[in-house]
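Copied over from TrEMBL:
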{"type": "TRANSMEM", "residues": "24-48", "note": "transmembrane segment"}
{"type": "DOMAIN", "residues": "26-440", "note": "domain 'Major facilitator superfamily (MFS) profile'"}
{"type": "TRANSMEM", "residues": "60-80", "note": "transmembrane segment"}
{"type": "TRANSMEM", "residues": "92-111", "note": "transmembrane segment"}
{"type": "TRANSMEM", "residues": "117-137", "note": "transmembrane segment"}
{"type": "TRANSMEM", "residues": "149-173", "note": "transmembrane segment"}
{"type": "TRANSMEM", "residues": "179-200", "note": "transmembrane segment"}
{"type": "TRANSMEM", "residues": "262-278", "note": "transmembrane segment"}
{"type": "TRANSMEM", "residues": "298-318", "note": "transmembrane segment"}
{"type": "TRANSMEM", "residues": "325-342", "note": "transmembrane segment"}
{"type": "TRANSMEM", "residues": "348-365", "note": "transmembrane segment"}
{"type": "TRANSMEM", "residues": "386-408", "note": "transmembrane segment"}
{"type": "TRANSMEM", "residues": "414-434", "note": "transmembrane segment"}
Amino acid sequence: MTHLARQLDVQQFIDERRFSPYQWLILILCFLIVAADGFDTAAIGFVAPALGQEWHVTKAALGPVMSAALVGLALGALTAGPLADKIGRKRVLVGSVVLFGLFSIGCAFTQSVTELAVLRLLTGLGLGAAMPNATTLMAEYAPHAKRSFLVNTMFCGFTLGSSAGGLVAAALIPDHGWRSVFIVGGAAPLVLAALLIALLPESIRFMVLRGAPHERIAAVLRRIAPDATFDGVRFVLPDERGEQRRSGVAVVLSPRYRAGTAMLWLTYFMGLLVYYLMTSWLPTLIRDTGFTVRDAALVTALFPLGGGVGAIACGWLMDRFEPHRVIAVTYALTALFVWMIGLQAGHLALLAAVVFVAGICMNGAQSSLPALAAAFYPTSGRATGVAWMLGVGRFGGILGAFSGGLLLQAQFGFGTIFSMLAVPALIAAGALMVKRTAASRDAQPNAPTRAA
């Protein structure tokens, strides 16, 4: 049996052991949460062409529908983060998955643009609450040396879920209509919620910080290390003494973290502006160049699919090199390849290839920001910090979804639109380098590669 000191640092306990089968289970469950989130978030972009034809509505008229879920995503994230720092990650996760599953099914039964916009808003509340808490929970069960890699691997669920939306749409819409996509996107989360209730643990760091019963904490740690014994042991987080008395909001807005927080918000805002304009309007933009609805859906599906490669690569690099520089360079590459998309109108094979590479860069950079944020904040403010970054960033997604319709209505050319889209990616790269300076000055003990 392993001999343990009377006082046990639970993060050190996790860091000193191999990644256990139980931690793999947590990773898989969080991956599935994010995959369901990605599917439901991207679904509206894939059904938009068929929906517009059935309801005889213009592209601009679909702008509110495109943006409704993003408003819900923002509201869900802004409220769920502080709630999870107060009552725990698991409760908020389960509730959010049930919420977006039920309302996604409801979207399949709408009969007007207004009804669909309302249901997408409600779906977004659950979507917005799920992702930041999955990120936080995974970060708090990851060993320090592999945290970015594991969180980014989990985030691949979002890109694969988004891609699955395109594949499911291409397979179902021709024979079963656009409503079938929402049925699939709602049923899967409800099944997943049952698995989460049965299998997902509460965050070990949250339990220690909030003084959970000894046996409850020990039971989880035994799943990680079955040979360990915890008789007479007191579980601690030495790096977070006194933090249990501070709310998540107080931590995030404190002088120590506020400058870095602002730069994280700006970076995520700019990244989501690019991402949501691409995922919401790329099928329509491609179709308008003369390709079929099916070709447009399949090419668009390559954009999030490439992100899995980018996210894993960025996570691996972040654990070995300065993480701000890794992500900033990836955003700069995003700007280059987004601009190149605008040069490929009329060339399906080249268009598909450039979209795929742009997706590797865009999704790799964007998927890495939650890991960076999770490492920046302490446990008492981690869920709030990650969630608020995601929530504020959603307004960039809202702007992207709305501006896509306006750019089309203004009859900007294919190349011009993608030249304009390269600019926010460059701004994101610059903001990250400013954040690196702010983090070094104001939050040295919790720098991104060493935060607890």
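Just so it is clear, glycine is given a Cβ too, placed from its N, Cα and C backbone atoms.
TrEMBL entries are annotated by machine, without manual review.
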Looking at the stretches 92-111, 149-173, 179-200, 262-278, 298-318, which one shares the most CB pairs under 8 Å with the transmembrane segment (414-434)? 262-278
Spell out yes or no: are there three or more C-beta pairs under 8 angstroms between the transmembrane segment (149-173) and the transmembrane segment (298-318), with each pair 6 or more apart in sequence? yes
For the transmembrane segment (179-200), I need the partner stretch with the highest count of C-beta pairs below 8 angstroms, choosing only from 24-48, 298-318, 325-342, 348-365. 24-48
Can you tell me which parts of the same chain pack against the transmembrane segment (262-278), counting only residues 6+ beyond its ends and a CB-CB cutoff under 8 A? 66, 70, 300, 303, 331, 334, 338, 358, 362-363, 365-366, 369, 372-373, 376, 385, 388-390, 392-401, 403-404, 421, 424-425, 427-428, 431-432, 434-435, 438
Would the transmembrane segment (92-111) count as touching the transmembrane segment (24-48), if touching means at least three Cβ pairs under 8 Å and pairs must be 6 or more apart in sequence? yes
Whether the transmembrane segment (298-318) meets the transmembrane segment (386-408): three or more C-beta pairs under 8 angstroms: no
The transmembrane segment (60-80): which same-chain residues, six or more beyond its ends, come within Cβ distance under 8 Å? 40-41, 44-45, 48, 51-52, 92, 96, 113, 116-118, 120-133, 276, 280-281, 383, 387-388, 390-392, 394-395, 397-398, 401-402, 404-406, 408-409
Overall pLDDT of the domain 'Major facilitator superfamily (MFS) profile' (26-440), taken as the mean: 85
